[in-house]
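J.: Sharing a structure with you now.
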């Protein structure tokens with residue numbers, strides 16, 4: 001990418017540039033997507049500076065490429081248009097990359113710091129070139145050549161390191177040392193590495209309007225839309241990645257700011273088809289400022305500095321609400337200048353705190369210590385902070401953003417569209433981006449977390465907002481379409497009636513949330529057939545907006561604090577067996593020895609528990625407690641063709657009965673275990689040596705019993721404490737295997753006494769069950785082929801049979 005730009009600027013004084021603007025713009029767009037991919041992939045290894053540099057230059061080249069395409073296609077024709085379009089982005093990335101370079105040099109990331117400083121200097125020289133003819137384009141090209149040389153040096157170092165198997169490593173190219181250094185810092189993994197790029201994107205959008213106020217650019221026009229919309233698109237990406245980083249509050253904040261970026265770009269596009277500037281709906285912006293205030297208060301509990309930063313956006317929304325022409329007025333532009341400066345400072349703080357050992361204080365410890373004294377409010381902490389109720393997810397909960405978008409979209413509808421100038425009021429960005437795109441995002445994340453009903457509702461409502469927002473406020477709606485629009489709305493309403501019925505079994509808040517959306521759908525229907533009563537529109541949006549706001553507050557409280565300060569309520573219709581484990585069942589972390597001991601005590605006292613193994617989760621009971629074995633048999637609804645099996649921790653437990661096993665079978669057990677292989681052996685007197693007594697009738701069949709030693713230290717330690725245990729899979733008969741502790745207490749939580757929690761299972765496949773009843777004849781069979789293939793089991797027997 002830098003080589004292309006170096007060639008471009010070296011050839012700029014010529015009459016015809018060596019690379020046409022359109023071609024260069026397309027190439028930069030392709031390279032920006034590759035850079036973003038490289039940064040995100042590298043982020044999995046906590047390489048925060050590399051991530052920030054890649055994503056920042058990716059945004060830079062994305063916006064720059066689109067501006068070059070506009071220039072190549074003749075859109076930027078007037079004198080100074082090219083300068084007015086480029087300068088806001090160049091100013092932003094000059095400062096942003098300078099910050100990255102400074103932190104890179106301070107943290108001894110010399111190669112990355114040199115790349116960042118060279119691109120920063122190139123951008124600064126290009127700004128000077130646009131304002132003074134004394135500055136030639138060669139200086140810009142020289143800086144990009146520095147990037148090429150540094151990149152070539154790093155590539156050579158990595159190739160040498162790979163070819164010599166890390167025996168030769170050029171200075172600054174040894175990633176192994178960096179990885180070791182990052183692993184020493186335990187706090188780096190818990191931080192949101194993507195927040196830095198999100199803050200730089202806030203600088204970019206603020207720069208577009210701030211430069212106009214300060215006189216750096218001459219006007220606001222379509223040439224600056226690429227910067228705003230590139231920032232908006234990347235901001236949605238940062239929002240998703242923040243959910244991957246389990247940072248609900250910053251993800252919500254970046255979702256909010258992406259709405260403002262798309263709205264700003266829309267306003268700059270508007271003069272293309274209408275001569276006058278668009279106006280803003282005041283109720284929406286007032287509500288938006290309230291949501292920012294609430295989010296700032298909650299974020300201040302985690303980081304007071306971040307909470308104060310959000311107050312700039314509160315002021316921004318108020319400034320937009322006070323000025324009818326919004327982004328084009330001096331008041332909001334003045335706040336943009338303040339946001340630019342504040343975002344630059346926050347970028348420096350976040351980036352330095354992620355990389356350096358000595359941190360810039362942000363007040364995190366003070367708030368945490370203050371809340372520790374409170375008996376009413378207690379912050380939620382721990383490894384399971386963002387664990388979903390059912391299943392395993394790599395994303396934090398996005399319901400906060402989903403409810404907030406419902407609030408924003410509903411209050412945007414309080415503005416009635418003007419049939420003569422349907423686009424004159426800025427409503428489409430609020431309804432389509434907030435109510436549509438971000439709600440689709442929330443629905444997708446909810447689906448990834450196993451929330452099928454919530455995700456279905458969010459996605460349905462998102463489609464409704466997008467279609468109706470474009471139809472009503474985009475000039476697409478007319479009398480000839482009334483019937484077709486009404487049919488579509490009725491179809492949506494029927495779907496929503498089904499969702500309302502399903503929420504009866506979820507909770508009270510969701511029931512009212514889905515029910516009040518019917519009022520919005522009725523409003524759409526009445527408007528489609530031109531029978532909307534005066535005031536109904538506003539009443540429906542107010543009711544739905546207030547219910548959504550309560551759900552927003554409840555989701556925020558539940559994501560930050562323990563307990564339920566603002567509960568979502570219980571299901572209106574309670575079905576037996578649903579969510580029973582939430583109240584009755586203990587769930588203890590498997591990493592603690594005290595938890596294993598407590599599970600052992602429960603089993604000794606006749607309880608049943610769900611535990612992790614080397615394959616999937618299982619339901620267990622102590623062999624010497626017939627009452628517990630019978631309880632496990634009944635709670636599982638065990639089928640007769642799926643008998644319970646027996647587990648031991650060592651063959652020493654069978655040593656007294658060794659004479660009751662044939663030599664080949666004993667040798668086969670020694671060779672096969674510990675492993676995920678269950679051996680079905682003939683039933684005999686050896687069963688009595690394990691103290692099974694009356695439990696024996698529930699284990700195996702009258703002719704045989706499946707026995708195993710698991711290859712899991714937690715499980716074998718538990719068996720050492722309890723003795724042999726009776727085992728069955730932790731799911732009702734006929735259902736899929738259970739691969740996460742959340743699934744155990746969701747499916748059997750009201751039937752077991754405790755669950756030993758160890759997150760997702762190491763494997764999603766159960767053990768292999770081998771028929772050893774005829775092993776003395778040299779033959780084995782297979783009741784089930786699980787994680788261990790047939791060939792591997794047969795190889796064990798063949799090796800034993802060889803002389």
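For all residues, glycine too, the Cβ spot is worked out from N, Cα and C.
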J.: Labelled transmembrane segment by TrEMBL, one stretch among 364-381, 382-399, 400-417. Can you tell me which?
T.: 400-417
J.: Looking at 511-532, 577-598, which one is transmembrane segment according to TrEMBL?
T.: 511-532
J.: Given 253-273, 610-630, which one carries TrEMBL's transmembrane segment label?
T.: 253-273
J.: Looking at 279-301, 647-669, I want to know which stretch TrEMBL calls transmembrane segment.
T.: 279-301
J.: At an 8 Å Cβ cut-off, counting only pairs 6 or more apart in sequence, do the transmembrane segment (279-301) and the transmembrane segment (49-73) clear the bar of 3 or more pairs?
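T.: By the criterion, they do not touch.
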J.: What average pLDDT does the predicted model assign to the domain 'YrdC-like' (593-788)?
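T.: Mean per-residue confidence for the domain 'YrdC-like' (593-788): 86 out of 100.
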J.: For the transmembrane segment (194-215), find every same-chain residue at least 6 residues outside the stretch whose CB is under 8 Å from a CB in it, and list them.
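T.: Here the qualifying positions are 43, 48, 51-52, 55-56, 59, 63, 87-89, 91-93, 95-96, 224, 227-228, 230-232, 234-235, 238-239, 241-242, 245, 247, 250, 253-254, 257, 260-261, 264, 327, 330, 332-334, 336-337, 339-340, 343-344, 346-347, 350-351, 354.
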J.: So which residues does the transmembrane segment (511-532) touch in its own chain, when a touch means Cβ under 8 Å and the partner is 6 or more beyond its ends?
T.: 403, 406, 410, 413, 457, 461, 464, 468, 472, 477, 479, 482, 485-486, 489-490, 492-493, 496-497, 499-500, 503-504, 539-541, 543-544, 547-548, 551, 572
J.: Could you tell me what the rest of the chain brings near the transmembrane segment (453-471), counting residues at least six beyond its ends with Cβ under 8 Å?
T.: 399, 402, 406, 409, 427-428, 431-432, 435-437, 439-440, 442-444, 446-447, 477, 481, 485, 488-489, 492, 495-496, 499, 502-503, 506, 510, 513-514, 517, 521, 524
J.: Which residues, given as numbers and ranges, are at least 6 beyond the ends of the transmembrane segment (18-37) yet have a Cβ under 8 Å from it?
T.: 1, 4-5, 7-8, 10-11, 54-55, 57-62, 64-69, 71-73, 234, 237
